[in-house]
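Taking it in order: structure first as structure tokens, then the write-up.
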Amino acid sequence: MAVKVAVNGYGTIGKRVADAISLQKDMEVVGVTKTKPDFDAKMAIKKGYRLYAAIPDRVKVFESAGLEVEGTIEDLLKEVDIVVDCSPNKIGAENKKLYEKLGVKAIFQGGEKKDVAEVSFNAIANYEEAVGKQFVRVVSCNTTGLTRLIYTIKKNFPIKKVRATMIRRVVDPKEDKKGLVNGIQPNPIKLPSHHGPDVQSILPDVNIITAAFKVPTTIMHVHSVAIEMEKDISEEDIKSAFAEEPRIMLFNSEDGFTSTAKIIEFARDLRLRYDLYENAVWEDSIGVVDGEVYVTQAINQESIVIPENIDAIRAMLELMDKEESIKETNRTLKIGVLD
Ligand SMILES: NC(=O)C1=CN([C@@H]2O[C@H](COP(=O)(O)OP(=O)(O)OC[C@H]3O[C@@H](n4cnc5c(N)ncnc54)[C@H](OP(=O)(O)O)[C@@H]3O)[C@@H](O)[C@H]2O)C=CC1
Ligand SMILES: O=C(OP(=O)(O)O)[C@H](O)COP(=O)(O)O
């Protein structure tokens, strides 16, 4: 029988998590929540999701807008085995009180602090640590991208230290409030950015320092990563390690992939909503100089954490072991598949 899942917060991440759950045989979406009766709420209903009010007081706002909600988040939580909290940054920690009160397992996203959960999660790096847990945090998009890349090298070749710079998209494509339109913002100004410590919340023995800068683009983040290795390694070793990991996709500038714009154009042809769940690594950026590996990758922030949420559900509810879950998630989301 399929396990029952609530998605609390049907926004950028929540709608993708809901659609990904709908593709799995062993889980089903019981309902999704919104605070506003906007086009996203209407689309959720149109797609067949049962809609609930994320904040009880808002039921009347939905009713005044002529939108029928099935109840409140509390009603929804009583029907499910697990909730995937996809509410805005820091709201998940508030929502946790309700999950604790009702004894519901919960997955939080990377906008929450590490201590919101017992485990910070990345499927390929530490699936086993989430098995049977009550509260798990799927780390942020950049941290997910960095952790996958570092783990894929580290599992075969010992590394000494990592230094990474992240060029961060300023907001998601749907945003239309004022923002950074013509500047580069060190974010944060004082190092390190949260990504290094967040990678260490999954891979505690990795020596890593990260810096991040926001730029006026919306479609992807870009990482420039330098990894000092313990032993000699070749470009071919790195390329083969990446080629073997389905959650990393290699792109080559000779094929015309000269920028994130081109990678996203490719993803538009490949996937629903151009969701690119894989790290987009420029194959021809991979270089080894004086025992140090250099590599550049791009991350589609809206979609990279979606497979991790599906695997986290399976780990926490002990539905499958690591290998089986990752294989099934990759199959259903067509990860690592080019047609
Ligand atoms: N967007 C991204 O690039 C990524 C985001 N994340 C993380 O995922 C989380 C969600 O981000 P994102 O999807 O971008 O955010 P969005 O703003 O796109 O969506 C948030 C959703 O939460 C709903 N919501 C608002 N208040 C509450 C509440 N009190 N309880 C439950 N739901 C509520 C909103 O509903 P309504 O619109 O009706 O108010 C909306 O549907 C954050 O932690 C973020 O850091 C992680 C990786 C990438
Ligand atoms: O998880 C993300 O970025 P992050 O890994 O830099 O924290 C998402 O792009 C959300 O970032 P935002 O908080 O700038 O919207």
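Keep in mind that glycine also has a Cβ here, set from the backbone N, Cα and C atoms.
Some features that TrEMBL has for this protein:
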DOMAIN    3-141  domain 'Glyceraldehyde 3-phosphate dehydrogenase NAD(P) binding'
BINDING   Thr12, Ile13, Gly111, Arg169, Gln301  NAD(+) binding site
BINDING   Ser140, Cys141, Asn142, His195, Gly196  D-glyceraldehyde 3-phosphate binding site
ACT_SITE  Cys141  active site, nucleophile
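Structure coloured by features recorded in TrEMBL.
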{"residue": "Thr12", "record": "NAD(+) binding site", "DSSP (3 states)": "helix"}
{"residue": "Gly111", "record": "NAD(+) binding site", "DSSP (3 states)": "coil"}
{"residue": "Ser140", "record": "D-glyceraldehyde 3-phosphate binding site", "DSSP (3 states)": "coil"}
{"residue": "Arg169", "record": "NAD(+) binding site", "DSSP (3 states)": "strand"}
{"residue": "His195", "record": "D-glyceraldehyde 3-phosphate binding site", "DSSP (3 states)": "helix"}
{"residue": "Gln301", "record": "NAD(+) binding site", "DSSP (3 states)": "coil"}
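Candidate binding-site residues: Thr12, Ile13, Gly111, Cys141, Gly196, Gln301. Those with a Cβ under 6 Å from ligand 1, in sequence order, are Thr12, Ile13, Gly111, Cys141, Gln301.
Proximity of the binding-site residues Thr12, Ser140, Cys141, Asn142, Gly196, Gln301 to ligand 2, judged by a Cβ distance under 6 angstroms to any of its atoms, singles out Ser140, Cys141, Asn142, Gln301 in sequence order. Pairwise Cα distances among Thr12, Ile13, Gly111, Arg169, Gln301, the recorded NAD(+)-binding residues, top out at 16 Å.
Within 10 Å of Asn142 (D-glyceraldehyde 3-phosphate binding site), counting CA to CA, the binding-site residues Thr12, Ile13, Gly111 contribute nothing.
Residues Thr12, Ile13, Gly111, Arg169, Gln301 make up the record's NAD(+) site, and a Cβ search at 8 Å around their centroid adds Ser140, Cys141, Asp172, Glu302, Val305 from the same chain.
Counting only same-chain residues at least 6 apart in sequence, those with a Cβ under 8 Å from the Cβ of Thr12 (NAD(+) binding site) are Asp172, Lys174, Glu302.
Among the binding-site residues listed here, namely Ile13, Gly111, Arg169, Gln301, Gln301 has its C-alpha nearest to that of Cys141 (D-glyceraldehyde 3-phosphate binding site).
The binding-site residues near Arg169 (NAD(+) binding site), taking a 10 angstroms Cα-Cα threshold over the set Ser140, His195, Gly196, amount to none. Proximity note: of the listed binding-site residues (Ser140, His195, Gly196), Ser140 have a CA within 10 Å of the CA of Gln301 (NAD(+) binding site), given in sequence order. Counting other CB atoms no more than 10 Å from each candidate's CB, the binding-site residues Gly111, Gly196 peak at Gly196. All protein chains shown were included, and the count of other CB atoms within 10 Å of the CB of Gln301 (NAD(+) binding site) stands at 24. Surrounding the centroid of the Cβ atoms of Ser140, Cys141, Asn142, His195, Gly196, where the record places D-glyceraldehyde 3-phosphate, the chain contributes additional residues within 8 Å, namely Gly110, Val139, Thr143, Thr144, Gly145, Leu146, Met166, Ser193, His194, Asp198, Val199, Thr210, Ala212.
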